[in-house]
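Q: Below you will find the structure I want to go over with you.
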Amino acid sequence: MKEIKDFERIKIKIASPDQIRNWSYGEVKKSETINYRTLRPEKDGLFCERIFGTTKEWECYCGKFKSVRYKGIICDRCNVEVTHFKVRRERMGHIELAAPVAHIWYYKYIPSRIGLLLDITASSLNSILYYEKYVVIEPGDTDLKKMQLLNEDEYIEARERYGMSFNASMGAEAIKTLLENLDLDELSSKLRIQMIDKDDKTDKKLLRRLEIIENFKISGNKPEWMIMEVLPVIPPEIRPMVQLDGGRFATSDLNDLYRRVINRNNRLRKLLLLNAPEIIVRNEKRMLQESVDSLFDNSHKRKVVKGSSSRPLKSLSDALKGKQGRFRQNLLGKRVDYSGRSVIVVGPELKLHQCGLPAKMALELFKPFVIRRLIESEAVFNIKRAKNLIEQEVDEVWQILDLVIKEHPILLNRAPTLHRLGIQAFEPVLVEGKAIKLHPLVCHAYNADFDGDQMAVHVPLTPAAQAESWALMLSTNNLLNPANGHPIVFPSQDIVLGLYYLTMEKKNVIGEGKKFLNFNNVILAINNRSLDYNASIYVKIDGEYKKTTAGRVIFNEALPKGIEFVNKTLSDLELQILISKVYVVHGSSTVIEMLDIIKELGFRYATKFGCTISMSDIIVPDEKRTYVERANKEIAKIQNDYAKGVITGEERYNNVVSVWLKTNEELTNKMMEILKKDRDGFNVIYMMADSGARGSRNQIRQLAGMRGLMAKTSGDIIELPIISNFKEGLSVIEFFISTNGARKGLADTALKTADAGYLTRRLVDIAQDVVVRIEDCGTINGIKVETVKNGEEILESLKEKAVGSYSIERIKNPITGEIVLDANEEISEAKIELLEKIGIEKLVIRSVLTCEAEHGVCQKCYGRDFSKNKPVNIGEAVGIIAAQSIGQPGTQLTMRTFHIGGVAQAGSEDDKISLKNAFILNGIEGFNVRVDNGILFTRKGTLKIINVFYEEKIKNIKEIKVLDSQRVIKGIPLFIDKKGSEILSSYIGYVKLRDDNFFIVSEEQEVSLKAGTKLEIEVGDYVESGKVIGTFDPFAEPIIAEVKGKIKFKDIILGTTLKEEINTETGNVEKRITDNVFESLDPRIFIIDSSGMEVASYVLPGDAYLQVEDGQSINIGDIIAKLSKGSEKTQDITGGLPRVNDLFETRIPKNLTEMAKVSGIVQFKSIQKGKRLINILDEYGVEHKHYIPAGKHLLVRDGDVVKAGDMLCDGRINPHDVLEILGGISLQEFLLAEIQDVYRKQGVSINDKHIGVIIKQMMKKVKIVAVGDTNFVYGQKVDKHTFYEQNRKVIKQGGEPAIASPILIGVTKTSLNIDSFISAASFQETTKVLTDASIAGKIDDLRGLKENVVIGHLIPTGTGMGLYKKIKVSENIDSEV
C-alpha cells in the first residue's frame, strides 16, 4: 500500500485526461460486477481483480500463487498481482469514452463556468450539449457568425447554401473545440479594457468572466479539461457489494450509475463501428452525457435516476453534500472507540476532580489495559484466557482494574456540547450500579440536571493525551467561564439554600446577644444546644468583638485559612462574588478546597433546615383588591378618552397594557414585602427566591400576586390580564388564555434551539482559523473604551470593558505627573482601580479589531484569557472560543421562555421624566417653544446636565481649599468646616461654587428627550433627585405647531390621501393619512399668518391621525397630527436571536432609515417614483441626493443643519451605510453595541473581544475601486493582506498601487469565501466550492482547525502547534559534581 507522507498543503485541480489514465490500473470494459455462481469478480468488470487488486490476501485470481513470499509477482495466467487486499481501497480504473462528455459541475451549476468562458447562456449551452442545436465553430467566408446557434433546418439550409466552407457541430465535441480555440491572454486584456470603460457600474458578469479567466491562467488548468474523454472509476471497496443473509446482494448506488455509463458507452462504440445513422448515434451520445451527469450529480438533474425501490440513486456529489455527506458525517464527526454512555446521578460525596464510574462500564472500557496487566502479572498467559477471567469477574480482575484506573483520567461529555466546558476530564472512582456519578458543582458548565440526562465517557489512551487531560481539561482547571471570566463552578439550589439558612439572622432565639472569645466556644455552645444557628452574637475576631451570627461563624470556621471573615447572609450571587474574590487573591487551589467545603456545608444545613412548602406560605396581599379596582378605574378613564376621540385605538391599547403592567409590578412589590416580613424572613418560598436557590420573583408573582398579561401566539400582548393567581385558582377564560401562552413557550423553545445551534455553527466556521500566532503585531491603533451608561445607570463599568487588555497610550496622574500606566502594559484590576481613583473614564486599548497580525491575532491585542485569568498563550484557538461564547448563551436563552409559561414581559413605559441624581440644568438643545407652564419640545431634544455628587452650604465652611471649576479626585482636601475639620473629597468631579452652595459636579452629560416632551424646569435650575421634570406621551409621537396662524391643507383629499374611518366602538370619525403614494400629491399642512404668508410647513407621513381642520386657527404648541407607536410586543430573546442573526449576516433591515451622507443643509425637493428627494448642500455647495419613501416620518425639516450619519427619517440603521458614511471604526462600534445590547437585556455577559473576533473576520475583505498596475480586477473582493502584499510588490517595482474600500460580509458568505477550500466545502454548497477551487487550482495551506480535522492531522493550535512540536526534553547534569 502507498503510504501518505506528512504534508503541509493540499492542491485541487481539474484532472486532465492523461492524469486520469495515469491514476488508472486498467480500463473497465464490461458492466458486470460479480459472477453469481462463483461470487468472484468478473474479468474487465467493475470489480475486476486484474485492475483493482486481489480480493484474497496474498493470492492471485486463479490460485497459482498463494503466499506472502510471492509478494509483487503478477500471475502469468490471470494477470492479477499478488498483494494485500487493502489495495482495493486505493486502486482506480478508467472508462475510455466513445464520445466526449461535459462535466455537470462546470456546465449545469449557476453560473455555468463553461458558459461564462464562452460567453453563451446556460440554456444555449444545454441545447448544444444535448444535441438539439449546432454551434458555428469556424464561419469561414460565410455570413454566419462564430458561436451562432443553428437548429436542424437552419443547419441544412446553411450546408446547401455554403457547402463545406464553414465548420459547425453539436455536442461536447463542439464545446471542446471552442474551448481549445480560446486565447485566454487576449480575452483577459479585452475584458479588462471593457471593465475600465464601464467605470462605476461594475458588471457582475464581466467580473465573473474575468475572475474565471484569471483563475485558469494562474492555475495552469486547460479549459478543454472540463470536457471529459476518460472517466475515472473509483476503487471498488469505496462502492462495495455485500451479500445479505438471503443470498441477495446489497450494492452501492454508484455501481448502478457506473453500469449505465458502461452499457451506453459500449453501445455507442458498437453503433460507431457499424456506421449507424446520425440520428441514432446522436441519441446514444445524448444518453451517454445524461448517464455521466447522473454519476457525478444525480440530485441536480431535472429527471433524477431512480433505483429499484424508486428512490433517487446517490451519486458522487450526493456522497459529499449535507449533514449525511462525507465531510460532515465521516470526517468532522467520527464515532470513537473506548467510549460508553450512561445516565448520570448526583455524587455529593465526590471531590471536584472526581466522577463516579460504574465498575462494569470501567471494566469494559479499560479491558485491554486489564488484559495486559493480567498477562504481565502472570495470572494468565494468553489473551483468550484473560478475556475469560474478565467475563467471570474474578477478584484479581477488580484489583487490577483499581490499579489501572488510578490516575488514568477519563473525559465526560454531555450533548449538546455548546462550549468547551461540555467536555472535561475527571479522575474515575469506581461505583456500584450502572449510573455515572457527577459532582454537583460541575452541572452548571455542562448544563446538566439529574432528570434522566445521559453522558458519554471517553478514555484518553496515549500518555500525551492523558497529560493534556490532566493539565488542561481537568475540571479543577476549568473554574472560570471563557466568555467573561466569571466563575462557572459555583453552588446552586440545595447548597445555596443551606448556606442562606445558615447565615441568616433571626430575632428572639436561644443565645441571642451573647459574647464569645473564639470560634471554638461558639461551636461548643451550638453542640450543647444552648445557641441557635441564627442567633445574633458577638465574637472576638482580630482582637475586637464583631457582631455576627452563630451560623456565619460555622461557615467561616470551615473556610480555608487566610480568607477574611464573611459577615453577611449568603445568596447565590454573594457566593459567586466570594468565589471570584478568593480566586483573584488566593488562586485556584484555595478555591477548589473552598468549593468542596461549601458543598458539604450547604448540603448538611439544607438537610438540617428541612424546608417544606405549604399553602399557608403563599400569602396573597390584602391590598390586591384595591390595586385591581384602581386599575379598572384608570382603564375606564382611558376607554372614555377613546370614546371621545381624544386618543386612537392603538394608544388606548398601549395605555391599557401599561396600566396592567404597572399594577402587576406594584402588587408584586407589595407581595414580596409581606413575604419578607413573614416569619422574620424565614418564609420558605421567599427564602428560596431571595437566595437564588430556586424560583424567581416572577414565579412567586403568579402564585401569590396575579398571573398578569399573557402573550398571544403572534407575540402581541392580550390586553385582558389574568387577575387570579394560582392559589386563588383561574376562571375558565383565564385558564384558556394561559394554555395559549404556555403552548407558545414550548413551540418557541423547540424552534429557536435549532436556530441558535445553526448560529453557533456559522460562527465557528467563520472564526475557526483565528488562533493566537504571534506575540506582538506592533500596531499603533486601538479602540476607545468607556463606561456604558443608560442615563445614570451603569450598564458596564470601565473595569469590565478594559481589564486584561493592553494600553495603547501612556497615562499619567494629572496631579503628580507620575506614570500610572505605560503604553503596551497590561491593565490589571489594581491598575483600573488606580485609574478610576484619579478620574480616568476613557481609555484607548489594543483590540482584536485593530490587530495587524497577518493570520489570526497577536497576544497583546487579544489580552487576557478569561478562563485562566492570565495573558493568552500562543496557540490558543480564540476564534472557536469566541464562537462558542456567543453561540452558547443563544441556545440557553431560547430555552428560557417556557419556565415562565408565556407570561408577557415588556417594559411598562412611564410618561414622566425624573433622574436618579440631583443635577443642575446647564442648557437645552433641539427645537422647542415656550408654552404657558414650561418648554415644549416640538422635535427630539437634548438636556445638557451636570450631576451633583456632593453639596454643602457655604455658610458651614470656614476655608475653601479649591478653586471654582477645579477638577478634584478622591482624597483631595476640599475645605475646612466650622469645627476645624479638613473635609476630603470622596468623588471625582469638578468644583462648582454657586450662590451660597458648594457643589462637586460631573462632566456635562446629555439626556435625550422625545418629541412632545413638556419640560417644567428652566436652564440653571438645581433639581433634586427623583423630582419629576417633564412629561410626554409614551405611545404617540406628535407633530406640533411651532408658530401661530391658520391651518391650510395641501393635497389632503378625502378618498385619496385622507381616509375617514368611523370607529365602531365609539362612533367617532377618525381622520387618517393613507399609506398610498401618489406622484403628484404630497400631503402637507401649511400655517399661514395674518398677512397670508406661509410661515411653516409640515409633511404628513402615512398613518398620521389629523387633529386639526382646514382653516382652523392654531396656537404655538398645539398638536397638528399624531403618529401612534406600534402595539407592545413582549421582549425576550425570541426577538433577540433573530436580531443577532441579522447583524451577523449583515442583512439590510426591513424598516430602513436613510442616513445623511454628508454634513450640510437640508433642502426638500419633489416626490419622484414614490420617493421624496431630499438634497443636502455641503459646505462646498455640492448637492447630495437622498431618496426617502414618501410615507416615512421625517426627522428633519426644510433648512435644518445635519451632520453626516444623522438619521433623516425613522427606521432601523443599515450597517452597510454606517461603513460607507462613517467608516470602519464606527461600524465596528455600531455592531458591537447592537449585539451586546441584545445579550445585555437578557442578563448575559459576553466580553467584547469575542464579538470583536467575529466582526474582524466579517471585515477581512476589501473591494477594489482602482486597479493601478496590479493584477486585480475592478470590483473584485480580495483579502486585506493579499491586497497589501500585492501593493507592496507593485510599489517596490515603481508601479501604481491599487485602491480599495472596506466592505462588510455576513458570516455565511465569509465562511464560503474563506481561503481554505476544505473548510468552505465542509460548511455549505460543497459542490460549488469545489468547482470554483478546482478551476483556480487552489492551495489549502491547512492553517485552520477544520481542514486539519478533515485530513486527519493534529489541529494547529495549543499543543498541536509547530512551535510546541519542536520542544525537546534534555537532562542538564552539572559537570562539577
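Here, residue 1 is simply the first one shown, and the rest follow in order.
Even glycines carry a Cβ here, placed using N, Cα and C.
Pulled these from Swiss-Prot:
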BINDING   C60, C62, C75, C78  Zn(2+) 1 binding site
BINDING   D449, D451, D453  Mg(2+) binding site
BINDING   C777, C851, C858, C861  Zn(2+) 2 binding site
Q: Closest of the binding-site residues to D453 (Mg(2+) binding site), Cα to Cα, picking from C60, C75, C777, C858?
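A: Of the binding-site residues C60, C75, C777, C858, C858 has its Cα closest to that of D453 (Mg(2+) binding site).
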Q: Return the count of C-beta atoms lying within 10 angstroms of the C-beta of C62 (Zn(2+) 1 binding site), excluding that atom itself.
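A: Excluding its own Cβ, C62 (Zn(2+) 1 binding site) sees 13 Cβ atoms within 10 Å.
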Q: Validating a neighbour-count step here. Other CB atoms within 10 A of the CB of C60 (Zn(2+) 1 binding site): how many?
A: 24
Q: Quiz question: given the binding-site residues D449, D451, which has the greatest number of C-beta atoms lying within 10 angstroms of its own C-beta?
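A: The residue with the densest Cβ neighbourhood is D449.
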Q: Quick check: with D449, D451, D453 left out, which same-chain residues have Cβ atoms within 8 Å of the centroid of the Mg(2+) site Cβ atoms?
A: I344, A448, F450, G452
Q: State the Cα to Cα distance, in Å, between D451 (Mg(2+) binding site) and C861 (Zn(2+) 2 binding site), rounded to an integer.
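A: Rounded to the nearest whole number, the Cα-Cα distance is 44 Å.
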Q: From the Cα of C75 (Zn(2+) 1 binding site) across to the Cα of C777 (Zn(2+) 2 binding site), what is the distance in angstrom?
A: 63
Q: What's the CA-CA gap between C60 (Zn(2+) 1 binding site) and C858 (Zn(2+) 2 binding site) in angstrom, rounded?
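A: Answer for this pair: 59 Å between alpha carbons.
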Q: Starting from the Zn(2+) 2 site formed by C777, C851, C858, C861, give every other residue of that chain whose CB sits within 8 Å of the mean position of their CB atoms, in sequence order.
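A: The answer, listed by sequence position, is I774, D776, T779, R846, V848, T850, E852, A853, V857, Q859, K860, Y862.
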Q: What count of other C-beta atoms do you get within 10 angstroms of the C-beta of C861 (Zn(2+) 2 binding site), across all chains shown?
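A: By my count, 28.
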Q: Can you figure out which of C62, C75, C851, C861 (the binding-site residues) comes closest in space to D449 (Mg(2+) binding site), comparing Cα atoms?
A: C861
Q: Between C858 (Zn(2+) 2 binding site) and C75 (Zn(2+) 1 binding site), what is the CA-CA distance rounded to a whole number of Å?
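A: With the alpha carbons as reference points, the distance is 61 Å.
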Q: Where C78 (Zn(2+) 1 binding site) and C861 (Zn(2+) 2 binding site) are concerned, what is their Cα separation in Å, rounded?
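A: Their Cα atoms are separated by 67 Å.
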